[in-house]
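Structure first, commentary second.
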């Protein structure tokens, strides 16, 4: 529905209900004296010098919220927007009325006359919004993953598998060939360096080898005493095999200067204790031997006297 009174008269009567001698006599005079000057101030503060087409034709839209906020910093535009809302002007009425310098109407007219499109570069330097919580959580997950990759530890474990095979006469020839299945994985911090197999594959292979060795183990004697001796000999063989492996690893670690594992430190301590015990036994033997010689000498001297 078209208004009976022109919008310019309505706006002027609401902006200046009782005009004085200092007030502009009409809305056109108010536009040239106040509104256009405020538009030029806003464009100069926003773009700087008018060296680009975008600065010369900013295309300020009086229905667009951000543009209203920019122009609302000035007194006359703030009062104009308040009257727009008070009169309940429609979007099309505002667009048809606001046809002066710096408005959307001026830009569209220039683009139509020149056949070009003015690119709006206002938000080019504004990056897409990213929630800080999501950014922190992503960074935390990356740090946790890096920490886990740098702190992989393999625990040292020795597992011995015994299994009695069914008695068969054809295997009695191997009665004195005990075999041991000893699983001694390496211990270290940091990424694993192996032959390309996964830890689970190594464990499965070791356990399958242990089971096959235990299955192929010699049969115990039929007598109870022989069976006990056979098990004792098997345990001793396993301990010797384990000690031999630990000694080799200990010598290699001492030669390379790498840190010792708890098992290697325990073996080194036991070797020192055995060495001290053997030295003490030798000293005792020498002392007892010398004492016996001294006793025999004194007995011979008394007999001679």
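Numbering starts at 1 and runs along the chain as displayed.
The backbone N, Cα and C atoms fix where each Cβ goes, and this holds for glycine too.
Source: prediction; values computed, not measured.
For 191-206, the entry in TrEMBL reads compositional bias 'Acidic residues'.
Residues or ranges marked as compositional bias 'Basic and acidic residues' in TrEMBL: 266-276. Sequence-remote contacts of a segment are chain residues at least 6 beyond its ends whose Cβ falls under 8 Å from one of its Cβ atoms, and for the compositional bias 'Basic and acidic residues' (266-276) they are 243, 246-247, 250, 260.
Annotation comment: TrEMBL describes 166-229 (among others) as region 'Disordered'.
Here TrEMBL flags 256-279 (among others) as region 'Disordered'.
For the compositional bias 'Basic and acidic residues' (266-276), the number of residues in each DSSP class (helix H, G, I; strand E, B; coil) is 11 helix, 0 strand, 0 coil.
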